[in-house]
Amino acid sequence: MTPLTTHSTFLGNVTEKYWKLFCKLPDIYTQFRKVVEGQGRVRPVLSTPEQVKALPLGLDEGTIPTFEGLGQTEPVEDFRSAFPCRGGETEALARLKHYFWDTNAVATYKENRNGMIGVDYSTKFSPWLALGCISARYIYEQINKYEAERTTNQSTYWVIFELLWRDYFKFVGLKYGNRVFHMNGLQDKHVSWKTDMTLFNAWKEGRTRVPFVDANMRELALTGFMSNRGRQNVASFLTKDLGLDWRLGAEWFEYLLVDHDVCSNYGNWLYSAGIGNDPRENRKFNMIKQGLDYDNNGDYVRQWVPELQGIKGGDIHTPWTLSNSALSRAQVSLNETYPSPVITAPEWSRHINNKSSGPPAKGRKGSSYTPRQHKDRGTDFYFSKNKSF
């Protein structure tokens, strides 16, 4: 990735005139956000032309490539997918209309965005944004209209907050160029990354035997999509628990994600690995606590790891800790039906006895329930090691 003469973003076009300014881009998102929110201006959406120029005479349009021609097979639809949508501007506009105006789902986006199951727990705009089927400016315009006509709250603001993250990572790419792909990252930080392909293959194929990780990786492989919560967790597991080269994970995401965006993907992986735009160090997710927090009754894991379907409640997150009688009732044979984890982390033990084995606690909404966010969680990426996340 090299500096571009013109680069389209949410805020505007980056030209040589402004290149020197982006060399001064803050390396911390919050600093960037505060400046933009205080001084930035989002340019209006351009009107749609009534007609476009015809193609030049004699131009051979060629043929649309086929899956076979690209060495790929036709995609197989999976009814469990959280993104059962189609490409194109028409579909993108229909999705926005559904999420904003038909269902008012945008008004609860902040509360539900960490969901795991279903189409409407988040906006799902990212695939269309990545392919240019819808613009961030149009979404911003619609947010303003929605706030004027319906309601203004933290959720409507948070959609803009996430759009700014996308812009920020584009600017990071402009500032650092090819360094976003380097092993040592933006900080030139030397980490003894491993390249154990046996471990990597277990991770990418959903065979780590850590159910929350496996469920997310299988969803990605089968549908091309994974929730934001899932992406954070599997990235943390690869880099912090397995200690594998972060670029292996970034490349696997690039290969499979239907919403892949170079700057967002590599920016987030650098962040996860602790060598990107992260002011703090030693961030690591606790796979068991995360599973219990965001899939408290185990419905998400049961959806994607069918060999564990017989295990009830939160126990599904730690099958290796169950008694032989409990496993027998669930028709699970440890190390046969579902082997022991490729690795266990000592911090997991603090949460093994706190699993939910019945209905969600009073006031919760089931397996997709999202706990109230702590004030210091910020953007919900990676958090300090003295807290149990």
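Placement of Cβ uses the backbone N, Cα and C atoms for every residue, glycine included.
According to TrEMBL:
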- Y109, 122-126, 162-169, 259-261: FAD binding site (BINDING)
- 161-350: domain 'Cryptochrome/DNA photolyase FAD-binding' (DOMAIN)
- 345-389: region 'Disordered' (REGION)
- W193: site 'Electron transfer via tryptophanyl radical' (SITE)
- W246: site 'Electron transfer via tryptophanyl radical' (SITE)
- W269: site 'Electron transfer via tryptophanyl radical' (SITE)
Item to check | Fewest Cβ neighbours within 10 Å, where candidates are the recorded positions Y109, W165, W246 | outcome: W165
Checklist outcome for this item: Its Cβ having more other Cβ atoms within 10 Å than any other among the binding-site residues K124, H260, the winner is K124
Item to check | Y168 (FAD binding site) to W193 (site 'Electron transfer via tryptophanyl radical') - Cα separation in whole Å | outcome: 27
Checklist entry - To what whole number does the mean pLDDT across the domain 'Cryptochrome/DNA photolyase FAD-binding' (161-350) round? => result 96
Checklist outcome for this item: The rounded CA-CA distance in Å from W165 (FAD binding site) to W269 (site 'Electron transfer via tryptophanyl radical') is 14
Checklist outcome for this item: A 10 Å Cα radius around W246 (site 'Electron transfer via tryptophanyl radical') captures, of the binding-site residues Y109, K124, H260, exactly none
